Amino acid sequence: MDFFHLVSEASKAAVLHHSWFLSSPKCGDRMWHFAMSVFLIELYGHNLLLTAVFGLVVAGSVLIFGVLIGDWIDRKPRNKVAHASLFIQNTSVTACCVLLMLLFSYRREMEQIWHGWFTVSVACYTVLITLAAVANLAGTALTITIQRDWIVSLTGGNRGQLAGMNAAVRRLDQIINIFAPLSVGQVMTWASHVIGCGFILGWNLVSLLVEFLFLSRVYQLVPQLAVKPHQQTWGHFLERQQELGCHSQVESWPQGPHKPKDSRSHLEGKQVTTERFLLCLRNTRRLLHTCREGWETYCRQTIFLPGLGLAFLYMTVLGFDCITTGYAYTQGIGGSLLSILTALSALSGLMGTILFTWLRRHYGLVTTGVISSWLHIGCLTLCVFSVFAPGSPFDMAVLSFPLSKNSSSNHEFTVLFDGQQDPEQPESYVSIVLLFSGVILARIGLWSFDLTVTQLLQENIPEAERGAVNGVQCSLNYLMDLIHFILVMLAPRPQQFGMLVFISMLFVTTGHVLYFFYARNTSQSNSNPICTECFH
């Protein structure tokens, strides 16, 4: 009995050490995303257009490959998935840093060699954004593996430990959101962009070795992580894939009598071309089957509505991304104040993780999501009020998309993408104060709601389907993020930002309503109903 107790304590210690270890890749990821936006703005002439393209490519890549990543996670051993994802992510970021250092150091020489900056810039931007998208895909796989699969296995079905572990990881995320941008930002401000790239490069190389050591240590203490259950749900699909593979091999065998040498080479050339074409078609069909099976599996889950509701929350401009930062610049907010607001936002999210733990312990998991939803919506109403408050640039006369011929002559059309302050300071700061007050306070309910849905996904998804379902969930999240970037590109003027606030509020409310439907169905099916007065 004492032996098993010691093993359990060792496993818990490993979990705690690994939770702290999670801060290493997360810290590098936060540094990289913060610096990437700044670097792209600097390279593209203080314009946010390239940053928006970067966001579109990253979101679109996860949208397309999210299901395939989830299927790969389900089929491969946990240790191989974690190590491969970690290696691909860090090496991709390292390659990006090297390319950026070359661009910042030898930009003029490249212009002279290539007789202009346009040709080399397009090629470099393409490679840079592609590598960043690959790093983000690997990071997505690592997040699904660790936070959606490992933690569930480590807690052994204990809901209290699962909630505590989720909250601990999110608290680390919020702490990292405070210090990671500040650290790399100070390096870039007081040193240079090249040194900033070198700082991120060195961090990734060192952290890669540390993370590999921690992974090996966790597997030594918790060997059950290396064991995965039999793939029951997806077994029939994988068998079909194997049959297709065997069938393709059989078809590739030479059949019929041998041809003479003078015509054999010509026939063999045609046969190889045909076989390659058929193999490409079969591989495409397998990928489509994998995507279809993944979406069908996701839609069959009992937590379909909460997952869909969480995805709707990603379609918003009410967050601290590059778009909201650009809007703040047009309203006279400086970079120093924005860094303080970002820190306050992270502290607000930290409070949300603490609130989640307290609410779940006193009211249960489902009711916690209901309370968090109302808190989130209530705080975001301040953002709606900010649209009509004094100092708001919202103009009902400027709501059409900028497609007219003379729209480019208007200076205010490019002010949001330029990332520069409007020459005319706003008459009042009431609007911008209400906007950021709502965004900061809303993160308390947002993170509490996110933790609720995360634990629902962890508890209700069969272990054999976790990768596929969470891959689809990531695809849905990035789909909404993709729509968010498209809408901002269609309505870039500060006068149109109020309309984006309305659309964001509509999507957020819809997401929470979907969760309300799930909560009401759960209260009707369970013997211990949740607090139904929360709905009234």
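Just so you know, the numbers here start at 1 and follow the chain as drawn.
Note: Cβ is positioned from N, Cα and C throughout, glycine not excepted.
Summarising the annotation, TrEMBL assigns transmembrane segment to 48-69 (among others).
Look at TrEMBL and you will find 81-104 (among others) tagged as transmembrane segment.
Annotation source TrEMBL lists transmembrane segment at 116-138 (among others).
Same-chain residues lying 6+ beyond the ends of the transmembrane segment (190-215) with a Cβ under 8 Å from its Cβ atoms: 17-18, 21, 24-25, 27-28, 31-32, 35, 38-39, 42, 79, 82-83, 86-87, 90, 93-94, 97-98, 100-101, 104-105, 184. Annotated transmembrane segment per TrEMBL: 190-215 (among others), in sequence order.
Marked as region 'Disordered' by TrEMBL: 249-269.
The compositional bias 'Basic and acidic residues' feature in TrEMBL is assigned to 259-269.
Under the heading transmembrane segment, TrEMBL lists 303-329 (among others).
The transmembrane segment feature in TrEMBL is assigned to 335-358 (among others).
Annotation source TrEMBL lists transmembrane segment at 365-389 (among others).
Within the chain, the transmembrane segment (428-446) has long-range Cβ neighbours (under 8 A, six or more residues past its boundaries) at 313, 318-320, 324, 328, 331-333, 341, 344-345, 348-349, 351-352, 355, 372-387, 389-392, 501. Marked as transmembrane segment by TrEMBL: 428-446 (among others).
Among residues of the same chain six or more beyond the transmembrane segment (497-518), those with a C-beta under 8 A of the stretch's C-beta atoms are 303, 305-306, 308-313, 315-318, 327, 366, 369-370, 373-374, 376-377, 380, 383-384, 386-387, 392-394, 399, 416, 435, 449, 453, 480, 484, 487-488, 491, 535. Taken from TrEMBL, the feature transmembrane segment covers 497-518 (among others).
Taking every recorded stretch in 48-69, 335-358, 365-389 and counting its Cβ pairs under 8 Å to the transmembrane segment (303-329), the highest total belongs to 48-69.
Non-local neighbours of the transmembrane segment (335-358) in the same chain are 163-164, 167, 170-171, 173-175, 177-178, 181-182, 185, 320, 325, 328, 368, 372, 436, 439-441, 443-448, 451-452; each lies 6+ residues outside the stretch with a CB under 8 Å from one of its CB atoms. Sequence-remote contacts of a segment are chain residues at least 6 beyond its ends whose Cβ falls under 8 Å from one of its Cβ atoms, and for the transmembrane segment (81-104) they are 25, 28-29, 32, 36, 39, 43, 72-73, 110, 124, 127-128, 131-132, 134-135, 137-139, 141-142, 145-146, 150, 192-194, 197-198, 200-201, 204-205, 207-208, 211-212, 215.
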